[in-house]
Amino acid sequence: YLVLIRLFLGNSCRFIAKPCAINLGIQDSGPHRAQPNAILEKVFTSITKSPDGKRLEGLSKQLDWDVRKIQRWFRHRRNQDKPTTLTKFCESMWRFTFYFSIFFYGIRFLWTAPWFWDTRQCWYNYPFQPLTSRLYYYYILELAFYWSLMFSQFTDIKRKDFLIMFVHHLATIGLITFSYMNNMVRVGTLVLCLHDASDFLLEAAKLANYAKYQRLCDAFFMLFGVVFIVTRLGIYPFWILNTTLFESWELIGPYPSWWLFNGLLVTLQVLHVIWSYLIIRTASKALVRGKVSKDDRSDVESSSEEEDVTSNSTKGIFSTSSNGSNRLNGHMAGGQWTGE
């Protein structure tokens, strides 16, 4: 049911996003399609999508094709299953709309909440704290969105950070559900709003990249990096973890679920550290090269000739990326922003 809601809203957003993309010059054209070949297609579907040097040489003799031509065929065959830029633009537009709306809804709601200004208020009179309708809908919307991300991750393109994102979604869903069932919704709203603070900036950067506004893309990405690091490595541990680990212990004692609740929050903090490192590495490359380089988390292969690297080493000829060391994890892709 939650996934259907997301699909409905996402498709509704495309009615707006698609005309915007077309006006920006984004074409609904996919990558170059591979030349039909029954033998290579069978290898691709049944054996491997990235043949090694020995298999390439065998296919070269069997088909009387040059090895580089076979490499190119496999690259085109892999890329033709990738979504078009227009599809990715529409998806990012949908995510941007949600993140932007839910973040400012949260800020507006929390601005008048006493626990926003004094986190000790999260634990006064616990667990006998009223659940208002605004708080309820805020929680349900966030829970629905993260459940949809959890399910869609298995049908979307597999990314390098699949496992990390799966753990993140699982921990987030666990926290939202657990805090709701235990009426820890006050501190839960702080966690949700804090995590939404940087997400819409990332989607804005991807939209700018798809539209080929490189400077705007770089600016949004840098702003995203700053906000992400400040919120996830600064505010989160010193504001959120401080109240859940220490203030809650002081005011209501070590309640039975204290360890599980804080264990999930600390798991998120570990993921924050990993992502912050990868973001800083990408930003450092941007400063050196003058623009955001390809994100290490990107799963999209290059469509240029850089993948056709000929090597005379003992390992033979392999198809690799000239930026092969760059393997960050799923949100962004500068230079050629091809993230989520």
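Using the three backbone atoms N, Cα and C, a Cβ is placed for every residue, glycine included.
TrEMBL does not curate its annotations; it predicts them automatically.
DSSP assignment over the domain 'Homeobox' (40-84) gives 31 helix, 0 strand, 14 coil. As annotated by TrEMBL, domain 'Homeobox' applies to 40-84.
Here TrEMBL flags 42-85 as DNA-binding region.
Summed and averaged per residue, pLDDT over the domain 'TLC' (87-288) gives 87. Per TrEMBL, domain 'TLC' is recorded for 87-288.
Annotation source TrEMBL lists transmembrane segment at 96-116 (among others). Residues 9, 13, 122, 134-135, 138, 141-142, 145, 186-187, 189-190, 192-193, 196-197, 199-200, 203-204, 207 of the same chain, all 6+ positions outside the transmembrane segment (96-116), place their C-beta atoms under 8 angstroms from a C-beta of that stretch.
Taken from TrEMBL, the feature transmembrane segment covers 136-155 (among others).
Look at TrEMBL and you will find 162-181 (among others) tagged as transmembrane segment. Sequence-remote contacts of a segment are chain residues at least 6 beyond its ends whose Cβ falls under 8 Å from one of its Cβ atoms, and for the transmembrane segment (162-181) they are 139, 142-143, 146-147, 149-150, 153, 187-188, 191-192, 195, 257, 260-261, 264-265, 267-268, 271, 274, 329-330.
The transmembrane segment annotation in TrEMBL covers 220-239 (among others).
Look at TrEMBL and you will find 259-280 (among others) tagged as transmembrane segment.
The region 'Disordered' annotation in TrEMBL covers 297-340.
The compositional bias 'Polar residues' annotation in TrEMBL covers 314-328.
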